[in-house]
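Student: So that we are looking at the same thing, I have put the structure below in structure tokens.
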């Protein structure tokens, strides 16, 4: 299994933080939640050099947690992420600058009390990627690359719109000269008209810099637009992975199919809006269903699905699906 | 910044309060030049001038605007010098308490686990009984003097700053920009000092303003009770205490004028603090 980014057996559990009072109450039988949340369970995947892997799933499926572990922000409960063989984190601390992150909300991800120039140059300066004397030119260069006027370096984040802030956030991430970029819902909080601009900027810079990307989104059309391969997550696990065109054209996992069918679409033939919402609700990650986590909502579920959890076939394969009764293989 | 100032100036009372604080601070700073007499120079005091009412022309040949006290000190001069000491104590104690409190609060928020529990439980414990009690005990144990008094004031007040800093820091730490800094990665020290601390400062400054006023009144209380500074360098609290025994004899000015100076100072600082609090609290914004 080769890849620039190799994630193996990533699991993240969140234990509830109980105060002494909560613990006593729990012992006495009060309804205090003591079960851990399993945000991500045993996820393995690779991202190849120069490729963009799209990670799709509903809210709460663990895709952001997975992204944070890959980016070295959150230490996994177990499992490892390696970049070119070297672990991203050691002893709970990130040890590499090769992977950088663009966050979802540009209103929260920029320190309100720092000037734009400082925001962009702080990391490179701290890691010796630029000399102090070169900082103004360096900042101007990056602002220009993300389509902002170099003169804005002295402004504060609140003087910018959401789209402009996200440009700053992208400049901050790329100024660290990373090989890999994790984009955690980078356009989800932007207006639709701005989304396209930011996505185009992202595609442009990805080509120019030869970036490898993990692109996280709940928006299927955005992911299709930017990804070479996609991975579909459901309740903390990857249920299907494969080349984007193939997964979108012929989804094999019933969940992937249901997810694609649930997207509202304008149909030209009868001018009606057609979509089918997925039946039921996302189960609680506190108590995932036994067997296949999707079986309570799955039209194809059998007795076997209730007992036995389907494994994702070896992730080295180009395409894989974790299902006992997948839709038939696409014609090669 | 200019918007902040404009909004501040819209509140006339707060503006007046700021002016009063500025005048009082200016008077305290300029005391050696404004005061007709050096009240600390015991040789310059004449007992013949003792307990004279306001307007009396004493042996120094100048008018005692606010009268004189039992030692023959010119009260106007004594009040100016007393303001100096009160402000000095309040500002030094406030600044030290703010530094220690901010350090402990941010440390607790950053470290988490048993460090957080240990620090914050001590702070909670201390907040649960009156500050003056602790200050009284400390002054009684440590003895009198400026350093001892500052220690007592700091010990009585740091807990307020620690609570505020802890609350603000734990809120800031969860924000994306801190995560973004950690994801770069930047060192923990840099994240705390350059990212968390500047965003924790506004609430601390607000609490600090009010706590300076509290420190001044605490110091005055301790001095009034005879546990403050040595009587040779009277603060406002001690001036009030000195005049207290003459209240019933009609020589009210010895206590009343220092009292007015103290009250005006404390109220003005509190008004400034309240306005700062209102302006930095987004929930109260129009």
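Glycine too: its Cβ is placed from the backbone N, Cα and C atoms.
What you see is a predicted model, and the numbers here were worked out from it, not measured in a lab.
These came from TrEMBL, pasted as-is:
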- B:83-273: domain 'ABC transmembrane type-1' (DOMAIN)
- B:85-110: transmembrane segment (TRANSMEM)
- B:122-143: transmembrane segment (TRANSMEM)
- B:149-166: transmembrane segment (TRANSMEM)
- B:254-273: transmembrane segment (TRANSMEM)
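Show me how these features fit into the shown structure, please.
Tutor: Long-range contacts of the transmembrane segment (B:122-143) within the same chain: residues 104, 149, 151-153, 155-157, 159-160, 162-163, 166, 214, 218, 221-222, 225, 227-228, each at least 6 residues beyond the stretch ends and with a Cβ under 8 Å from a Cβ of the stretch.
Residues 89, 92-94, 96-98, 100-102, 104-106, 108-109, 119-120, 123, 126-127, 131-132, 134-135, 138-139, 142, 200, 203-204, 207-208, 211, 214-215, 218-219, 222, 228-229 of the same chain lie 6+ residues outside the transmembrane segment (B:149-166) yet bring a C-beta within less than 8 angstroms of a C-beta in it.
Note on the transmembrane segment (B:254-273): residues 13-14, 17-18, 20-21, 24, 51, 66-67, 69-70, 75-76, 78-79, 82-83, 86-87, 206, 209-210, 212-213, 216-217, 220, 236-237, 239-240, 242-244, 246-247 of its chain, located 6 or more positions outside it, place their CB under 8 angstroms from a CB of the stretch.
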Student: What else in the chain is close to the transmembrane segment (B:85-110), if you only count residues 6 or more beyond its ends and a Cβ gap under 8 Å?
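Tutor: Counting only partners 6 or more residues beyond its ends, the transmembrane segment (B:85-110) has Cβ contacts under 8 Å with 24-25, 28, 116, 119-120, 123, 146, 149-150, 153-154, 157-170, 173, 188, 192, 196-197, 200, 204, 207-208, 211-213, 215-216, 219-220, 229, 233-237, 262, 265.
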